[in-house]
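Just below is one structure, and these are the notes that go with it.
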Amino acid sequence: MASKHLFFFAILFFSAVSVFAEENPSLVMDYYKDTCPQAEEIIKEQVKLLYKRHKNTAFSWLRNIFHDCFVESCDASLLLDSTRRMLSEKETDRSFGMRNFRYIETIKEAVERECPGVVSCADILVLSGRDGIVALGGPHIPLKTGRRDGRKSRADILEQHLPDHNESMSVVLERFANIGINTPGVVALLGSHSVGRTHCVKLVHRLYPEVDPQLNPDHVPHMLKKCPDPIPDPKAVQYVRNDRGTPMVLDNNYYRNILDNKGLMLVDHQLAMDKRTKPYVKKMAKSQNYFFKEFARAITILSENNPLTGTKGEIRKQCNLANKLH
């Protein structure tokens with residue numbers, strides 16, 4: 001009799017597990033192979049086309065992964081516009097300088113023409129970031145898909161999650177560790193500062209009222225030329241290239257620069273000086289292969305941070321609006 005009861009409860013247990021697995025499936029490679037087999041190719045071609053027309057799009061797509069996936073879930077909450085009841089993540093201070101969101105919508109429209117209502121904005125955000133990395137000369141990173149879109153902004157908790165460029169290295173490492181990224185992964189992800197540019201708003205505190213003595217003196221005149229105002233206008237086109245040598249290439253030149261005290265932001269300087277991170281900075285400065293390996297691993301972990309799957313969330317019709325607002 002006891003064995004019959006055990007068998008019965010075992011059946012119930014495995015049935016419950018089966019239902020849970022169906023409602024909460026994991027991300028998988030090539031999730032759309034049956035429902036929209038051309039999805040990833042369409043996204044890749046759109047990224048190539050848009051990058052050819054607008055070179056800075058690739059920086060934006062790479063930054064999107066960080067800003068979206070770091071804040072609780074990789075669910076495209078970053079892309080939602082503000083409403084009367086909800087502030088957009090795009091409009092917070094931590095999102096200063098982010099742009100080109102309209103091109104995510106361009107990609108979404110291309111995918112919708114092929115497969116209406118199938119591919120999530122969250123997957124488009126991640127895959128455009130992956131293909132943007134390739135456009136910048138970085139590694140191709142196989143990434144899983146199957147994410148669904150969130151329905152609300154997380155602007156109210158964004159600062160609890162996203163590390164800031166002026167925070168201590170201890171805080172930065174802790175924030176990354178919270179989502180499973182270890183120290184070499186942090187060093188590799190900050191290698192994204194190899195490309196793009198930094199607005200003067202983010203670095204004038206190192207130039208005024210006095211120049212930070214830790215900055216390379218040979219680099220300072222260029223920074224002062226690009227940032228002539230102690231209080232720059234956030235809307236002005238006042239930027240410094242992150243890497244003057246290879247500004248459009250994702251490479252390990254960033255690490256050589258920060259070891260030479262040419263890092264623009266405080267976090268760059270700390271990365272090269274802190275005893276916990278400096279060994280990895282040196283290793284990546286010597287080996288681009290090692291940088292790419294750790295970068296790919298960290299991007300993979302970031303892209304899989306707590307996604308919505310199964311019946312959770314939705315597949316948005318437009319990436320900037322939750323479906324209930326249509």
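Cβ from N, Cα, C; glycine included.
The model shown is predicted, which means the values in this text are computed figures rather than measured ones.
For reference, TrEMBL has these:
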- 1-21: signal peptide (SIGNAL)
- 26-323: domain 'Plant heme peroxidase family profile' (DOMAIN)
- Arg63: site 'Transition state stabilizer' (SITE)
- His67: active site, proton acceptor (ACT_SITE)
- Asp68, Val71, Asp75, Ser77, Glu89: Ca(2+) 1 binding site (BINDING)
- Pro163: substrate binding site (BINDING)
- His193: heme b binding site (BINDING)
- Asp243, Thr246, Asp251: Ca(2+) 2 binding site (BINDING)
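Features per TrEMBL, on structure.
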residue	record	CB count, 10 Å
Arg63	site 'Transition state stabilizer'	21
His67	active site, proton acceptor	20
Asp68	Ca(2+) 1 binding site	27
Asp75	Ca(2+) 1 binding site	30
Ser77	Ca(2+) 1 binding site	27
Pro163	substrate binding site	22
His193	heme b binding site	23
Asp243	Ca(2+) 2 binding site	22
Thr246	Ca(2+) 2 binding site	17
Asp251	Ca(2+) 2 binding site	19
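Excluding the listed site residues Asp243, Thr246, Asp251, the same chain places Ser194, Val195, Gly245, Pro247, Met248, Val249, Leu250, Asn252, Asn253, Tyr254 with Cβ atoms within 8 Å of the centre of the Ca(2+) 2 site Cβ atoms. On a Cα basis, the residue listed as 'active site, proton acceptor' lies 11 Å away from Asp75 (Ca(2+) 1 binding site). For the pair formed by Asp68 (Ca(2+) 1 binding site) and Thr246 (Ca(2+) 2 binding site), distance between Cα atoms is given as 27 Å, rounded to the nearest Å.
Cβ atoms within 8 Å of the centroid of the Cβ atoms of Asp68, Val71, Asp75, Ser77, Glu89 (the Ca(2+) 1 site) belong to the same-chain residues His67, Cys69, Glu72, Ser73, Cys74, Ala76, Leu78, Leu79, Leu80, Gly150, Ser153, Arg154, site residues excluded. Val71 (Ca(2+) 1 binding site) has a Cβ environment of 25 other Cβ atoms inside 10 Å. Nearest to Asp251 (Ca(2+) 2 binding site) in space, judged by Cα atoms and limited to the recorded positions Arg63, His67, Ser77, Glu89, His193, is His193.
Only Asp243, from the binding-site residues Val71, Glu89, Asp243, Thr246, place their Cα within 10 Å of the Cα belonging to the residue listed as 'heme b binding site'.
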